[in-house]
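According to Swiss-Prot, the protein carries these features:
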| type | residues | note |
| --- | --- | --- |
| BINDING | Thr230, Ser231, Glu232, Glu283, Thr387 | L-serine binding site |
| BINDING | Arg260, Arg261, Glu262, Val276, Glu347, Leu348, Thr349, Ser350 | ATP binding site |
Amino acid sequence: MIDVKDLIEQPEKYRASQEARGEDASLVDRVVEADAARRSSIAGFEQLRAEQKAFGKRVAQAKGEEKQALLAEVKDLAARVKEAESAAGAAEARLAELQRAFPNLIVDGVPAGGEDDFVVLKEVGTPRDFAAEGFEPRDHLELGELLGAIDMERGAKVSGARFSFLTGVGARLELALMQLGLDLALENGFVPVIPPTLVRPETMQGTGFDVEHDDEIYRLERDDLYLVGTSEVALAGFHAGEIMDVSAPVRYAGWSTCYRREAGSAGKDTRGIIRVHQFNKLEMFIYAAQEDAEAEHARLLAWEERMLGAIEVPYRVIDIAAGDLGLSAARKFDCEAWVPTQGTYRELTSTSNCTTFQARRLNIRERVRTEDGSKGGTRMVATLNGTLATTRWIVAILENHQNADGSVTVPAALRPYLGGMERFELV
């Protein structure tokens, strides 16, 4: 949620952000107008309440016919107070509605444009030349079936399309990835968390998801709970309504199953486990002071790159364009791994700086210290998130490390988590 006071003081900054996102810049003016209407209606209500209190004293002192006349006026004034209170409430609600609809203010340097307007920041590693090696690469599903690692057919039988079983070395590989990521997180001061995967609507909305109109979210109607698409949601709600100490960043690593309906993905990635309804993910989540947010964002990206380096796959880092950031992010970097059979890069990780957007929605603050060290007021913290490992990484590992016979060489960094196994053999 945006800072309305800041928008009123610097409207052009918010107009520029909206334009970079390809969104309606006139929303800025509507917020300004709604805030003015709110202030005016509250002032009108408070003035009438003051008159009502003063009038009450006159009535108490009056007698006889004068008192009867004043009582009639009191009734009329009470009706006007009630009407003014209702108007003030409606004005507050209108401003809150606009405030919730307003995307986060992008940070300086974010490229303008939509999904295809990202900027490639770096490419690391060189894709293998399978033709020079003398064989045609198999895709991850064919490899997974040869290795007894992925079973889409039984996944569909049990649960429907876009579900799978990870079996044998497939299950072990995912667990190894998660443990490698968790060890990296522990090394860097993260607290491991296994969070709930069902959350209340206010928690989902607090992180920037629209529970009323987002077709990607699974809902349990009977209980009014939502299945999370990332542990970011539960971790963001962890400190909702609290005043935190973020003199040093507070870092959590959440390991959870995630669920996405993939409602807008008909016909896309129908083969294999690139786009599924259920997957596991290790997510980094950070609460930080506002001035530390950009540095923490850079660290999140660096940790993601360390993981990608550890699994030895070619990858690139892209700076996501403003129009593809989503509601909460002020800046987002994606790391995409090379997928040989598709001849392109596919997203494996994403890291977002949400500045104070989520904290404002969830009312998460820090205590401000004055120069002499005494307690001052409070202000919003910044929140950030980033992926350390997820089921989709299996795609990149299998395809990039395959051998001509269908076996797969295990990246050295994962071998300690697989009992020293150096190769996945055909079953």
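Each position is counted from 1, following the chain as shown.
Glycine residues also receive a Cβ, built from the backbone N, Cα and C atoms like all the rest.
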Give me the Cα-Cα distance between Arg260 (ATP binding site) and Thr387 (L-serine binding site), rounded to a whole Å.
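Cα to Cα, Arg260 (ATP binding site) and Thr387 (L-serine binding site) are separated by 16 Å.
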Between the two most separated Cα atoms in Arg260, Arg261, Glu262, Val276, Glu347, Leu348, Thr349, Ser350, the residues recorded as binding ATP, what distance in Å do you get?
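Between the outermost Cα atoms of Arg260, Arg261, Glu262, Val276, Glu347, Leu348, Thr349, Ser350, the distance is 19 Å.
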Between Glu262 (ATP binding site) and Ser231 (L-serine binding site), how many Å separate their Cα atoms?
17
Measure from the Cα of Arg261 (ATP binding site) to the Cα of every one of the binding-site residues Thr230, Ser231, Glu232, Glu283, then give the nearest.
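Nearest by Cα distance to Arg261 (ATP binding site): Thr230.
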Measuring Cα to Cα, how far is Ser231 (L-serine binding site) from Thr349 (ATP binding site) in Å?
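Rounded to a whole number, the Cα-Cα distance is 14 Å.
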Which residue, of the binding-site residues Thr230, Ser231, Thr349, has its CB surrounded by the fewest other CB atoms within 10 A?
Thr230
For the L-serine site made of Thr230, Ser231, Glu232, Glu283, Thr387, how many Å separate the two farthest Cα atoms?
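Largest Cα to Cα distance for the L-serine-binding set is 10 Å.
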Please give me the binding-site residues out of Thr230, Glu232, Thr387 that lie within 10 Å of Ser350 (ATP binding site), comparing Cα atoms only.
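Those close enough are Thr387.
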Compare the Cα of Leu348 (ATP binding site) against each of the binding-site residues Thr230, Glu232, Glu283, Thr387 and report the nearest.
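Going through Thr230, Glu232, Glu283, Thr387 one by one, the closest to Leu348 (ATP binding site) is Thr387.
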List the same-chain residues at least 6 positions away in sequence whose Cβ sits under 8 Å from the Cβ of Glu347 (ATP binding site), in sequence order, or say none.
Asp334, Cys335, Glu336, Arg392
For each of the binding-site residues (Glu262, Glu283), count the other CB atoms lying within 10 A of its CB, then report the residue with the highest count.
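Result for the most crowded candidate: Glu283.
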Just to verify a number: CA distance, Thr230 (L-serine binding site) to Thr349 (ATP binding site), in angstrom, no decimals.
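Thr230 (L-serine binding site) to Thr349 (ATP binding site), Cα-Cα distance: 12 Å.
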I need the CA-to-CA distance for Glu232 (L-serine binding site) versus Thr349 (ATP binding site), whole Å please.
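Approximately 13 Å lies between the Cα of Glu232 (L-serine binding site) and that of Thr349 (ATP binding site).
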Tally every other Cβ atom lying within 10 Å of the Cβ atom of Arg261 (ATP binding site).
16
Taking 10 A as the limit, how many CB atoms besides its own sit near the CB of Val276 (ATP binding site)?
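If we count other Cβ atoms within 10 Å of Val276 (ATP binding site), we arrive at 21.
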